[in-house]
Amino acid sequence: MLGAALRRCAVAAAARAGPRGLLHSAPTPGPAAAIQSVRCYSHGSSETDEEFDARWVTYFNKPDIDAWELRKGINTLVTYDLVPEPKIIDAALRACRRLNDFASTVRILEAVKDKAGPHKEIYPYVIQELRPTLNELGISTPEELGLDKV
């Protein structure tokens with residue numbers, strides 16, 4: 001990206017210089033033409049783990065959540081570099097149940113297993129924490145459905 005900006009400046013300087021070349025009577029570029037090294041970092045406040053969890057639980061607990069918002073929330077949550085806390089997954093599963101979206105419940109549980117990666121103790125812990133909710137809502141895990149063997 002910086003190389004392209006340098007090329008554009010060189011081409012513009014050559015065009016301004018005319019046929020006599022760059023060393024003769026080229027006007028000096030103003031401060032606006034100078035290339036600056038600028039890094040765009042976020043200067044917003046950082047969110048604590050508790051605030052993050054509360055934000056997602058509140059999102060999935062919205063009484064008027066629709067199927068599109070549910071899928072959008074799940075997709076966004078899956079993009080984070082973390083395994084969601086069981087209370088977030090609980091809220092998402094309850095939202096799926098309110099919408100009668102069984103496929104999304106299986107997708108959420110598969111995503112949690114995938115996000116756990118090589119840490120084999122995380123997924124069983126999450127399922128253990130969610131077991132009362134799974135039983136209450138009548139949700140089967142992908143393993144109970146035989147989807148882990150496909």
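Any Cβ shown, glycine's included, is placed from N, Cα and C.
According to DSSP, LYS87 (N6-acetyllysine) sits within a helical segment. The Cβ of LYS87 (N6-acetyllysine) has 16 other Cβ atoms within 10 Å, all protein chains considered. Among the features that Swiss-Prot reports, N6-acetyllysine is placed at LYS87 (among others), with the record citing similarity to another entry.
According to its DSSP assignment, LYS113 (N6-acetyllysine) is helical. Summarising the annotation, Swiss-Prot assigns N6-acetyllysine to LYS113 (among others).
Within the same chain, residues at least six positions away from THR141 (phosphothreonine) with a Cβ under 8 Å of its Cβ are LEU109, ILE127, LEU134. Residues or ranges marked as phosphothreonine in Swiss-Prot: THR141.
The annotation motif 'SIFI-degron' is assigned in Swiss-Prot to 2-17.
The transit peptide annotation in Swiss-Prot covers 1-41, and the record cites similarity to another entry as its basis.
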Integer Cα-Cα distance in angstrom, LYS87 (N6-acetyllysine) to LYS113 (N6-acetyllysine): 16
Cβ atoms near LYS113 (N6-acetyllysine) (within 10 Å, other residues, all chains): 19
